[in-house]
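Enquirer: First the structure, then my questions, so here it is.
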Amino acid sequence: MQRQKICIIGSGNWGSAIAKIIGFNAEAHPELFETDVPMWVFEEQVNGHKLTEIINTEHENVKYLKGIKLPQRVIAIPDVVEAAKDADILVFVLPHQFVRGICDKLKGKLKTSAVAVTLIKGFEIAEGGGILLISNVIRQSLNIPCAALMGANIANEVANEHYCEATIGCQDKQLGQKLKSVFQTKYFRIVCVQDETVVEVCGALKNVVATAAGFTDGLGYGDNTKAAVIRLGLMEMIKFSLVFYPGSKLETFFESCGVADLITTCYGGRNRRVAEAFVKTGKPIGQLEQEMLQGQKLQGPPTAAEVNSMLKTKNMENKFPLFTAVHKICQGTITATEMIECLRNHPEHN
Ligand SMILES: NC(=O)c1ccc[n+]([C@@H]2O[C@H](COP(=O)([O-])OP(=O)(O)OC[C@H]3O[C@@H](n4cnc5c(N)ncnc54)[C@H](O)[C@@H]3O)[C@@H](O)[C@H]2O)c1
Ligand SMILES: O=P(O)(O)OC[C@H](O)CO
């Protein structure tokens, strides 16, 4: 088989951690992959220098993943078309609000045989209401297949090589195995499943639940309340999948992309942390995102809005009280304390 060229589209906190893994695997398997791994970087000035230049000389993304060395053959490129033009495998890993714009730039500029995998957690609001999966945005814009990789993967822990797992969702078994060889390492273990929609839906929805978990932390509640949020959140995630994506399989929720990601994100994630601060300080979420995340992006509040657009369109807000409450708190129309009332009266208790 011809050696495959991998291109990473994105270079934030997770993008850089995954670049470490892909760069390592590309170097370790020259029989499978081209050793040079182009990585598209949204250009910005850091300490008076271009971020791409810093990455290509210091081999470190000093802004988004400080203290972690990247393989030398990961090459930062500021032009996304230039980065992706010869790629066989495109790894999409950028905050979901920027995907559409990037796909527009890539339209008609890729190898026709290219395949994609999305590591992006979130949805896009569809014209006329409802939501689109990010994999569908990629598939439809670029006319290439797109799998999903999601899991309990806080980027800094992965970058520090702490053992963890992830799930690849790919209907095409052969492509799933090919993608597994791109990502699997001794400390990053992959399970492939064919239920690709649930893998992706879990990754997006868990950020809404994490935001709820952060609100309860902000209110000063303890682990029992958080466990209830995780349980009710999981029930809503399952219901959302079964209602809107018929054919979803329950067993997929027991993979890393499901329960495991939900737990890690409700304890260790950025969404939880910022949501806690929101309740404690009363500052707007956007301001806290800027103050606390140094350029990293929060996915929970926009995803809650996207989910709400779907629920509103289908007149189903009251069937998903946790998802609905998170959106309303982010919008400032109810308080975090009122979310506890929504949970107290959750349909799961009837
Ligand atoms: N960070 C994690 O621990 C983690 C783990 C698993 C999955 N994810 C998911 O991976 C995806 C990417 O997250 P991340 O942590 O790599 O990103 P991030 O939160 O670090 O976001 C910063 C990135 O956004 C880019 N950016 C800023 N403005 C931009 C613009 N106008 N256009 C394009 N790009 C712009 C920055 O250059 C930077 O690369 C998200 O969907 C996230 O939910 C994150
Ligand atoms: O830091 P968060 O909340 O964006 O979560 C990070 C990852 O998605 C955890 O798997």
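In case you wondered, yes, glycine gets a Cβ from its N, Cα and C as well.
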Enquirer: TrEMBL has G10, S11, G12, N13, W14, G15, F42, F98, R270, K297, Q299 binding NAD(+). Which one of A152, A155, A213 is in the same site?
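Expert: That NAD(+) site, as TrEMBL gives it, pairs G10, S11, G12, N13, W14, G15, F42, F98, R270, K297, Q299 with A155.
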Enquirer: Which residue of K109, K111, K121 does TrEMBL report at the same substrate site as R270, N271?
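Expert: Of the residues offered, the record points to K121.
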Enquirer: Which ones, of the recorded positions F42, A155, K206, have a Cα no more than 10 Å from the Cα of K121 (substrate binding site)?
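Expert: Hits: K206.
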Enquirer: What does DSSP say about K121 (substrate binding site): helix, strand or coil?
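Expert: The three-state answer is coil.
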Enquirer: Ligand 2: which of the recorded positions G10, A155, K206, N271, K297 have a Cβ closer than 6 angstroms to it?
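Expert: Correct list: N271.
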Enquirer: Can you list which of these recorded positions (G12, K206, R270) have a Cβ closer than 6 Å to ligand 1?
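Expert: By the Cβ criterion, which requires under 6 Å to ligand 1, the hits are G12.
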Enquirer: Pairwise over G10, S11, G12, N13, W14, G15, F42, F98, A155, R270, K297, Q299, annotated as binding NAD(+), what's the top Cα to Cα distance to the nearest Å?
Expert: 21
